[in-house]
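Under the heading domain 'Aspartate/ornithine carbamoyltransferase carbamoyl-P binding', TrEMBL lists 3-160. Among the features that TrEMBL reports, carbamoyl phosphate binding site is placed at 47, 48, 49, 50, 75, 110, 147, 148, 149, 150, 276, 277, 304. What TrEMBL lists as N(2)-succinyl-L-ornithine binding site is 142, 176, 240, 280. What TrEMBL records for 190-313 is domain 'Aspartate/ornithine carbamoyltransferase Asp/Orn-binding'.
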Ligand code: CP
């Protein structure tokens with residue numbers, strides 16, 4: 001593996017999931033791989049889990065870590081080519097990426113969607129500009145359209161918790177008053193479709209009308225707009241809010257009946273609740289669900305360390 005920008009960079013998903021589980025069982029087995037290597041983690045947006053779990057994973061592998069909040073700790077970065085830089089961005093990505101690539105052996109980047117321009121967001125400009133100019137592997141720490149380290153942690157969590165060979169996994173939209181990116185929902189759908197194509201899960205998406213994800217992410221998943229029908233018999237309920245893809249970046253409804261409650265969970269096959277966190281309690285999901293034994297959210301977040309470790313290990317092995 002060179003870059004880890006999306007599922008397309010994964011050769012063997014089963015092996016990568018197993019590698020994460022192996023790291024969890026034996027975190028320090030591969031410390032030699034990262035000796036004298038440095039990872040730089042660049043955040044254009046806030047983070048708790050990604051920031052800490054990726055640092056921890058790198059340290060488990062013997063790496064040194066450097067973390068920077070872009071635009072706060074550093075200069076603002078211009079991504080467009082050939083522009084007159086007379087605005088608020090003092091440095092171009094061409095120099096910034098090249099320089100950071102001299103200090104770091106791997107660069108992780110978090111850069112969310114702006115939600116103003118769908119074409120621009122879905123071009124993944126920040127990831128591609130860094131991949132073009134850094135000269136070292138790039139790891140996606142959540143981009144405009146994807147959050148693959150989260151999706152790998154989600155796959156690990158489902159593998160650990162599943163009670164049947166081919167569980168029913170339901171991605172459900174949750175209400176929120178702010179427009180949020182589609183990245184987590186897109187990415188989860190992309191990875192679950194891969195698992196479904198391999199016969200590992202039965203994957204369903206439920207969301208209100210107007211909230212269908214981009215067709216390339218929906219893939220072969222069944223979209224069921226009736227959430228009660230979708231929840232029936234589910235083994236895993238994966239909650240997430242996203243703004244509309246069709247009316248790009250818009251909040252079309254805040255219908256509170258889409259928040260997950262224990263009544264909803266009772267329609268499932270004693271299903272588990274998952275969410276990538278952070279989550280707004282009682283807006284998106286009830287206290288009762290989050291505090292119940294059916295909630296996997298803490299274990300899911302804990303597995304972010306092992307998903308990051310599996311990916312970094314794969315990159316380090318190729319150096
Ligand atoms: N799930 C996730 O990526 O969490 P953070 O935004 O806190 O990193």
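Note that Cβ sites are derived from N, Cα and C of the backbone, with glycine treated the same way.
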Summarise the domain 'Aspartate/ornithine carbamoyltransferase Asp/Orn-binding' (190-313) by DSSP state, stating how many residues are helix, strand and coil.
45 helix, 19 strand, 60 coil
Check the Cα distances from residue 276 (carbamoyl phosphate binding site) to each of the binding-site residues 142, 176, 240 and keep only the ones within 10 Å.
240
List those of the binding-site residues 49, 75, 276 whose Cβ lies under 6 Å from any atom of ligand 1, in sequence order, or write none if there are none.
49, 276
Of 240, 280, which of the binding-site residues has the most Cβ neighbours inside 10 Å?
240
Suppose we draw a 10 Å sphere around the Cβ of residue 304 (carbamoyl phosphate binding site). How many other Cβ atoms does it contain, all chains included?
27
Based on the record's binding annotation for carbamoyl phosphate (47, 48, 49, 50, 75, 110, 147, 148, 149, 150, 276, 277, 304), what whole-number value in Å is the widest Cα to Cα distance?
30
Need this for a regression test: binding-site residues 49, 75, 149, 304, filtered to those with Cα within 10 Å of residue 142 (N(2)-succinyl-L-ornithine binding site). What's left?
149
Cβ neighbour count within 10 Å of residue 47 (carbamoyl phosphate binding site):
17
Nearest recorded site to residue 176 (N(2)-succinyl-L-ornithine binding site) by CA-CA distance, among binding-site residues 75, 147, 149, 304:
147
Distant-in-sequence Cβ neighbours of residue 49 (carbamoyl phosphate binding site), under 8 Å, six or more positions away:
276, 277, 301, 304
Name the one residue among 47, 75, 147, 149 whose Cα is closest in three-dimensional space to that of residue 240 (N(2)-succinyl-L-ornithine binding site); these are the binding-site residues.
147
Using Cα coordinates, what distance in whole Å links residue 47 (carbamoyl phosphate binding site) and residue 280 (N(2)-succinyl-L-ornithine binding site)?
15
How long is the line from the C-alpha of residue 75 (carbamoyl phosphate binding site) to the C-alpha of residue 280 (N(2)-succinyl-L-ornithine binding site), rounded to the nearest angstrom?
32
Inter-residue C-alpha distance, residue 147 (carbamoyl phosphate binding site) and residue 280 (N(2)-succinyl-L-ornithine binding site) (nearest angstrom):
19
